[in-house]
Amino acid sequence: SHSLREMVSAALKQGQITPTELCQKCLSLIKKTKYLNAYITVTEEVALKQAEESEKRYKNGQSLGVLDGIPIAIKDNFSTSGIETTCASNMLKGYVPPYNATVVQKLLDQGALLMGKTNLDEFAMGSGSTDSVFGPVKNPWSYSKQYRERRRQKPHGENEDSNWVITGGSSGGSAAAVSAFTCFAALGSDTGGSTRNPAALCGLVGVKPSYGLVSRHGLIPLVNSMDAPGILTRYVDDAAVVLGMLAGHDPKDSTTVQDPVKPFTLPSLTDVSKLCIGIPKKEYLVPELSSEVRSLWSKAADLFESEGAKVVEVSLPHISYSIVCYHVLCTSEVASNMARFDGLQYGHRCDIDVSTEAMYAATRREGFNEVVRGRILSGNFFLLKENYENYFIKAQKVRRLIANDFVNVFNSGVDVLLTPTTLSAAVPYLEFIKEDNRTRSAQDDIFTQAVNMAGLPAVNIPVALSNQGLPIGLQFIGRAFCDQQLLTIAKWFEKQVEFPVTQLQELMDDCSSVLENGKLASMSLKQ
């Protein structure tokens, strides 16, 4: 494995490369891949200053550990002290938080270098990263050798520039940033699949931890009962390193676990014969699932079986209601959360001063896009006194049934569930924007949403390239708080599939000089 710990940390320790050189490499790649629109804010000065401090520590033999001197990026819905945080919305353009989110603080305390804040769907509502006021994010794989070569065989008269495919969302900026090698790990957020979906479409590992394992303090809330900070990396080991550093109780977030969480390194699994893998075929084998994903899903199950694992078909009878249930709960919490953006204390304020009411209305009309406004309106409808019992309360009951379905499956001896992550590989932008956001989000998060409602850990693992040369991933779902076991199994699986590295021209030009024979591309955090 070429994980970050193995390569980068070792190279930094042995002085083959300095934190400043690594930082400058990443900054130069950010400039070269500006067309991807992965970053909203690039924090060049901050990163170089942090690199300088990291360098001093390495010189004095006082490195803070695996992440010291490692470039990372943060989705722009995490508060960063002194650095603009916009949620990709007009509502927060120019808003500079006075504090860091807990997860951001923890990464900086470990010596990580902050490269910048990444692009997303406005307020993280979407599954394509196409709804940002800063414009859509482009998937680096659109420009990879693999995709271009396989696409040449197709006759196409259309303009090259409109041919790019989406990153998935809403953490598409973070996914593009890691995928284009401008950083080694990035934070996303995951409310219904917003970390796993872009991970699948960009060929990355995307982890959604158990609800309550990682602090949400400073993550601008979408749905408090489902949000989880997500982690995007190129290798499972790297995600585990980051998760180990982020996990644990935070007095500022009452929903975090009370027991101390031990930092976890993943044991190497050599024997899977004692494992039981559950396949929710009946509910997840939907007609919209592309034949490529279906066949990879079944090959993955065969792989476990051929190595002696027990593979069983399981049923999650209430999962078919999850989309509608999620919609009610999600919009209700959104309506409540978005009330704080009223133009009074911070963020955008319109010029209308006829009355407070008119100011509120115009501020919100100007500040939010129609997706956000639509969810606020839906949510307030479900929360009306006369609708509350019929919608919100009913949805909460269904949510409990869905959570119980998972409990029953895990109680029957299943260790992890294996499912698709997305219906297909990434689609071209022009195709994606034909549908409205609501339809898209319902379809695109069909395999991921229930996990958030049940508070379980899940991870996307890149498996193979589609016949178009685009990444396809599969999802593993674990028992609540068995994140380490989940990642251990995912790591074994990752080793079996050996997913290819994306070949970007910028990278090939840039990396030849770094760490003899261009190892930067395959570098990861492992010791």
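Backbone N, Cα and C atoms are what each Cβ position is placed from, and that goes for glycine too.
If you check TrEMBL, you get these features:
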ACT_SITE  K75  active site, charge relay system
ACT_SITE  S170  active site, charge relay system
ACT_SITE  S194  active site, acyl-ester intermediate
DOMAIN    24-144  domain 'Amidase'
DOMAIN    166-487  domain 'Amidase'
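Distribution of TrEMBL features across the structure.
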{"residue": "K75", "record": "active site, charge relay system", "CB count, 10 Å": "32"}
{"residue": "S170", "record": "active site, charge relay system", "CB count, 10 Å": "38"}
{"residue": "S194", "record": "active site, acyl-ester intermediate", "CB count, 10 Å": "37"}
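S170 (active site, charge relay system) and S194 (active site, acyl-ester intermediate) are 5 Å apart (CA-CA, integer value). Helix, strand and coil counts under DSSP for the domain 'Amidase' (24-144) come to 46 helix, 20 strand, 55 coil. The CA atom of S170 (active site, charge relay system) is located 9 Å away from the CA atom of K75 (active site, charge relay system). Mean pLDDT across the domain 'Amidase' (24-144) comes to 96 in this model.
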